[in-house]
Amino acid sequence: MACRRRCRFLTWQGFPRRCMIRGARTRVAHYIAFVMVCLLWAVGDAAAQTSLPERDALQARLERLQAIEQPDGDQRAALEDTRAALEGLKELRTLDDKLRELEQRAARAPQESQALAGELQRLEGDTATPSADDFDELSLTALQTRTGDALEALEALQGRLADVNAQLISAQTLPERAQAAISEARERAETRKAQLAALDAEGESEAAQAKRDRYRVEVALAEQRAQWNQSELSHNTRLRELAMQQRDVLEKRIALKEQQLAALQAALDRQRRAESEKAIAEVGRDDAEAIAGHPVLSQVQQVNRDLSRELLDITDRANAMVREGIETRTQLDRVRQVQRTLNEQIEAIRGSLLLSRILREQRESLPEVEALGGLQDDIADLRLRQFDLSQQRDALRRPQQLADDSLAEADIDDAPGLREALVKLFESRRELLDQLDEEYGNLLTIAINLQLNQQQLLKISKELRATIEEQLFWVANGRPLDLAWLQQFPATLGQRMAAADWRTALASLWQRPDAGALAVLPLLLLAGALLLWRRRIKASLLRLHEEIGRLKRDTQMHTPRAIGLNALLAAHGPLTMAAAGGALNLGGQGFAVVLGDALLQLALAWGVVAWARRLLVSDGVAARHFHWSPAYVLRLRRLLLWLGMALIPVILVSNVAPFNEARLAERPLSLSFLLLGLVAMSVVLVRLILAHVPFFGLKLFRLLLGLALAAVPLVLAGLIIMGFEYTALSLIGRFITSIYILGLWILVEAAVVRGLAVAARRLAYRRAVARRRAQAKEDTESGLEVVEEPPLDMEQVNQQSLRLSKLILFLGFTLVLYVVWADLLGVLSYLDNVTVWQIERGQGEAMTTSPITVADVLMALALVALTLVMARNLPGLLEVMVLSRLSLKQGSAYAISSLLSYTIVGTGVVVSLGTLGVSWDKLQWLVAALGVGLGFGLQEIFANFISGLIILFERPVRIGDTITLGNLHGTVSRIRIRATTVTDFDRKEIIIPNKTFVTDQLINWSLSDNITRVVLTYGVSHGSDLELVHRLLRQAAVENPRVLKDPEPQVFCLEYGATAFSFELRIFVNDLMDRLYASDEINRRLDALFHQHGIRIAFNQMDVWLHDASGRQAWVSSRPQETATLGDGAVSARPARRDGIEDVDVGRSPSGDGTDADGGGGDGGR
């Protein structure tokens, strides 16, 4: 068999055909050589077949190994190798059958090609066009049957055409795929042969024999695959030509079948209308003599006529809906065939440049489907009308009774023939209602089927477009630009300049526009009006600028008005360009429409840049309203001019490029302008980001984000150079729009911040006026001169309002950016096909392998970013919008916000790891092991962590509490998960581990109440009036405003001492800061009261005796300016007495061997 197959292969290649034109001698020699080659191949085939293991032997070994209950490692390996060998033999048989079928198809190709050519000639020669007259003899039922059969035949033909198109696409890319497959198969065969040779050293064990059998089968399978691909490649040309002929025949058959279907539908419409007219004619027969001029009969007949017209209308409506249904079903069949073959085509030519062109053709071939918006309402109306008809039919079940009721209602006696005429008319009406009910039922069925087909058509078309867009986005549609392209640049440029297509495109611009171009006249009039009003607008803008900073005139609306006026000043030029673009778009054709779209986009860019530059003029909105530095404003204005210049070629080329089917690489001038524009955009954006002085003052994340944004044009240029033109062109427009949105974001944020600053300043002004009025009222002063205060510093603006406003802006502009990029987010689903690594899920036999794709990695990174943003902003937002409105204890809001942050971070980490395939059932053991290890190694850290949770829940300390911890005094400023920050009274921040607050003794001065007691101790000399002292102490406490009345001050004489009477004054103050101030004020007040009433404060007196060497002692004293010299060197000195400081008597013994000091009480001084 193999020999015959290879002989046929060589015969097809023309070997005997060449022999026929040679001499007999040459033919004989070639024939002998041919037979020898076939014999050699047959021998080789037989050798290969004998070397392959027998299927029965492999099956017996498999059953024996499966019967082992507890196999060892070698037995399991032998079992796996045996299974693989059996599967390989099965696939080898399948490949042999496919190869035999391929050769049979190739052998039948000439006869089939000849038959198809004859059939195509016959179909093209048949010029007769089916018409509705050809089917007049058929009944309505027969026509409906023929129409259904034609639809099924058309669907089958379209299915065959889709299969043939798929074969053609596969044949076009077969050389590349076949070469790669042959190379891979040969490499695998050589690898297995080498491994097979290495197995000879392993002996004749069962495991080694099983592996040898597997490798032999795999070698044969690889060689058979190579032979299959080689045979496909050799027959590809003939089979492709055959497929092309089949496509032409099928297209002709489909066209004829569609003509036949149209004729059948026309005949069906005519027949249906004829049936309706026949029914109306039968119903319309009535006794003219009986009804002549009678009003009751005329009224009944008028109703019948209305029902007759409704029957005709509903018949026409049903016919139209049937035509729509046939068209919809035809389109549905077409898109179904495209859907069925699209994935096959993508897989067949993946990696080929042909894929991009085929996908674009498929996208263009998809029908533009628009759902009938009122179809659902029509179905509801049809059902309601059917209900009404059924009620009318029920009322006509007894026409005699209805005729009697009508005559009685009209108060008419029974005239000759009148009752019979009414009965006949009511019976006719019933027949009309029966016909109407049938037609409405038919129409309802058609409408429901149409709706279902339309919904399915919309769904499939949407899915197909999404798939095609996804593939086009990720597939290169051209070869990368290399050195050869640069070398051919001048020649390509000359060819493009010599071509006539661009001249034809320019010539289309000079054609007379259609009437639709007149729609742009309002834009031109508006531009002219703005140009005339320019001076008035500038005057209004100058008045607004002059009022900025003036407290009584400046308002929050000044900045939006100034921004709007600057937009009007910058709008006349862009409006003129937009009018030109709109005129070309609405009134032109071909290239004029594309150029009009480009001019509209360019007008938008001009308007945005001109508006921004107007805001950045000297002493304009940016400088006067936002207080940006003049140098910074000037630099931004200059850079925006360069950015606008860079946008011109980018916008023009990116909008005009899709109009021409030629790639950008084939249009070097356009490509050069586009690349230069993108590079210039990147350079200008980098300079804009770094324009902040100093730019390192920005947050690092924002700086990196800005630089990444500036690098996007370079990435787009790189994509174009690499051949991804469609991807780059799809991104350019959205990126430019995103730049506009970011600029608007900055503008709105600056305006909001200034509005909050103005609001804060006016609030401070009103409070100051209120205080002055209150003070003036108390002091009974007349007149109030208000002095305008300077603007508040931005740090004094309400931080909560500012934070909330920025968050709202962030959410709003994020939504706008999502709308801009939403249509391209679907292409990211392609990343689900790019596997990064594999993970195993489940256990044992239920274990499965799941891929982790690039989309999963990006999703995990997005979750991490979202977690960080939420952990940073959501607790603050919750505190501002919810917790601040609740009656919570001090510190509760902070505890809730902190716990929410920890919860968000923990949840985000778990979900992110889960996205990457790290499930909790695998992670829990790692967490447990780490928990034990870290619990021992980092027990202090964990102790502080748990203590931090205890502090947040129990709240022994809160933000703002004044505490004493050991010898440390201060105020709690921050509570974190590991440590708490305390600011002492020297404004030093001290970091204290949380464990200290839980384990050590802590004094919280403001835990539940800020009221504290202050104890002041005083000693008065003996002989003082104790009642007077008691009264003076209470008076000083009562007079002090810082001392609370409840609890009231208390005075106690607690000690009768040797030197003084000790008094304690116990007072209570409302705030901790009042302790020092109250003590200071009361002490100074008591000093004045004691002097006033002659109360003397007791003090200690000390006499010092000095002894000389002989033991003599002497008492000496000293006074200011007095010194005394005693014998043997003793010196006495006494300083002058001061208030509250005792005299000191000093005597030194000449021997200096001792000092004797006695203390005694005194009356307050010598």
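For all residues, glycine too, the Cβ spot is worked out from N, Cα and C.
As recorded in TrEMBL:
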{"type": "DOMAIN", "residues": "62-298", "note": "domain 'Mechanosensitive ion channel MscS porin'"}
{"type": "COILED", "residues": "85-112", "note": "coiled coil"}
{"type": "COILED", "residues": "154-277", "note": "coiled coil"}
{"type": "TRANSMEM", "residues": "515-533", "note": "transmembrane segment"}
{"type": "TRANSMEM", "residues": "562-584", "note": "transmembrane segment"}
{"type": "TRANSMEM", "residues": "590-612", "note": "transmembrane segment"}
{"type": "TRANSMEM", "residues": "639-657", "note": "transmembrane segment"}
{"type": "TRANSMEM", "residues": "669-691", "note": "transmembrane segment"}
{"type": "TRANSMEM", "residues": "703-724", "note": "transmembrane segment"}
{"type": "TRANSMEM", "residues": "736-757", "note": "transmembrane segment"}
{"type": "TRANSMEM", "residues": "807-831", "note": "transmembrane segment"}
{"type": "TRANSMEM", "residues": "851-871", "note": "transmembrane segment"}
{"type": "TRANSMEM", "residues": "892-913", "note": "transmembrane segment"}
{"type": "DOMAIN", "residues": "899-939", "note": "domain 'Mechanosensitive ion channel transmembrane helices 2/3'"}
{"type": "TRANSMEM", "residues": "925-953", "note": "transmembrane segment"}
{"type": "DOMAIN", "residues": "941-1006", "note": "domain 'Mechanosensitive ion channel MscS'"}
{"type": "DOMAIN", "residues": "1014-1097", "note": "domain 'Mechanosensitive ion channel MscS C-terminal'"}
{"type": "COMPBIAS", "residues": "1157-1166", "note": "compositional bias 'Gly residues'"}
Query raised in the report: Which whole-number mean pLDDT does the model give the domain 'Mechanosensitive ion channel MscS C-terminal' (1014-1097)?
Result: 88
Report summary line: Taking the transmembrane segment (736-757) as reference, the highest number of CB pairs under 8 angstroms among 515-533, 639-657, 669-691, 807-831, 851-871 goes to 807-831
**Report entry** Close approaches to the transmembrane segment (669-691) from elsewhere in its chain (Cβ under 8 angstroms; 6 or more beyond its ends)
**Finding:** 493, 496, 632, 635-636, 639-640, 642-643, 645-650, 652-654, 656-657, 703, 706-707, 709-714, 716-717, 720-721, 732, 739
Query raised in the report: Looking only at the domain 'Mechanosensitive ion channel MscS' (941-1006), what are its DSSP counts of helix, strand and coil residues?
Result: 20 helix, 25 strand, 21 coil
